[in-house]
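First comes the structure, then the notes that go with it.
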Amino acid sequence: MDSSREPTLGRLDAAGFWQVWQRFDADEKGYIEEKELDAFFLHMLMKLGTDDTVMKANLHKVKQQFMTTQDASKDGRIRMKELAGMFLSEDENFLLLFRRENPLDSSVEFMQIWRKYDADSSGFISAAELRNFLRDLFLHHKKAISEAKLEEYTGTMMKIFDRNKDGRLDLNDLARILALQENFLLQFKMDACSTEERKRDFEKIFAYYDVSKTGALEGPEVDGFVKDMMELVQPSISGVDLDKFREILLRHCDVNKDGKIQKSELALCLGLKINP
């Protein structure tokens, strides 16, 4: 392709790109339909401040450039990462996409991260705590970052994920950042099956949350179980709510008061009798 004829695209930050992307992917599926491309590019060009007189001409060129350089999938869906690279710098692209390319496997893993960065146990992640999370994230991916850039990216992430604009992230905001997979407990219907089926399901559930394989749930394992249990009846929970329910669960289930929930203790709480 003759590069002299390609439109030169400006650069947005991740927050600007996300603002446009959400218009087309409101429920965060991670893709838009190919038929929406024209409208998407039009909104992006408007966001970049493209002059109205050249916008329509550029629209065709930008779409042509995308279709030529990207291996668009055959299912008519355009993934976020296929479009983000056209408008974002490498670091901004990483900020937006790391969550989709490194999804968490379980709520236990999620709660380990939550407890680590909610250092003051306030039930929220402050801007300073988010900065620490991002610093560790860049280090983990072997990416060098200056303190000035780190400050800038912290602000960008707050713009994207702090939905109520109170300057801090709650449990649900962080779950969106980390692309937590679907609630494990949704696949079970404990009240709609036989005793044997309930016992079998209980074994699967306990094995899933007992990540350390000690025969007891402790620390983030209890947190992960509590989070998923609560979200079955209340889709949006806060860190403060989670801590309260965790305390109630331990009070009722932790019979020997060791701060853990043994397998037999949890079974008793759920009204099951299991073989020792």
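Every residue, even glycine, has its Cβ placed from backbone N, Cα and C.
What Swiss-Prot records for ASP25, ASP27, TYR31, GLU36 is Ca(2+) 1 binding site. Per Swiss-Prot, Ca(2+) 2 binding site is recorded for ASP71, SER73, ASP75, ARG77, GLU82. Residues or ranges marked as Ca(2+) 3 binding site by Swiss-Prot on the basis of sequence analysis: ASP118, ASP120, SER122, GLU129. Sequence annotations record features per position, and here Swiss-Prot assigns Ca(2+) 4 binding site to ASP162, ASN164, ASP166, ARG168, ASP173 based on sequence analysis. Positions annotated as Ca(2+) 5 binding site by Swiss-Prot, on the basis of sequence analysis: ASP210, SER212, THR214, GLU221. Under the heading Ca(2+) 6 binding site, Swiss-Prot lists ASP254, ASN256, ASP258, LYS260, GLU265. The domain 'EF-hand 2' feature in Swiss-Prot is assigned to 58-93. Annotation source Swiss-Prot lists domain 'EF-hand 3' at 105-140. If you look up Swiss-Prot, you'll see 197-232 marked as domain 'EF-hand 5', on the strength of sequence analysis.
Across the fold, the C-alpha of ASP258 (Ca(2+) 6 binding site) and the C-alpha of GLU82 (Ca(2+) 2 binding site) stand 50 Å from each other.
Within the same chain, residues at least 6 positions away in sequence whose Cβ sits under 8 Å from that of ASP25 (Ca(2+) 1 binding site) are TYR31, ILE32, MET80. Cα of ASP27 (Ca(2+) 1 binding site) to Cα of ASP120 (Ca(2+) 3 binding site): a span of 32 Å. For ARG77 (Ca(2+) 2 binding site) paired with GLU36 (Ca(2+) 1 binding site), the C-alpha to C-alpha distance reads 10 Å.
Beyond its flanks by at least six residues, the domain 'EF-hand 5' (197-232) meets 106-112, 114-115, 171, 183-186, 188, 190, 241-242, 245-246, 249-250, 259-263, 266-267, 270, 272, 274 of its own chain at Cβ-Cβ distances under 8 Å. Candidate binding-site residues: ASP75, ASP162, ASN164. Nearest to SER212 (Ca(2+) 5 binding site) by Cα distance: ASP162. Take the Cα of ASP210 (Ca(2+) 5 binding site) and measure to each of the binding-site residues ASP166, LYS260, GLU265: the nearest one is LYS260. Secondary structure at ASP120 (Ca(2+) 3 binding site), as computed by DSSP, is coil. The secondary structure of ASN164 (Ca(2+) 4 binding site), as reduced to three states from DSSP, is coil rather than helix or strand.
The distance from the Cα of GLU265 (Ca(2+) 6 binding site) to the Cα of GLU36 (Ca(2+) 1 binding site) comes to 53 Å.
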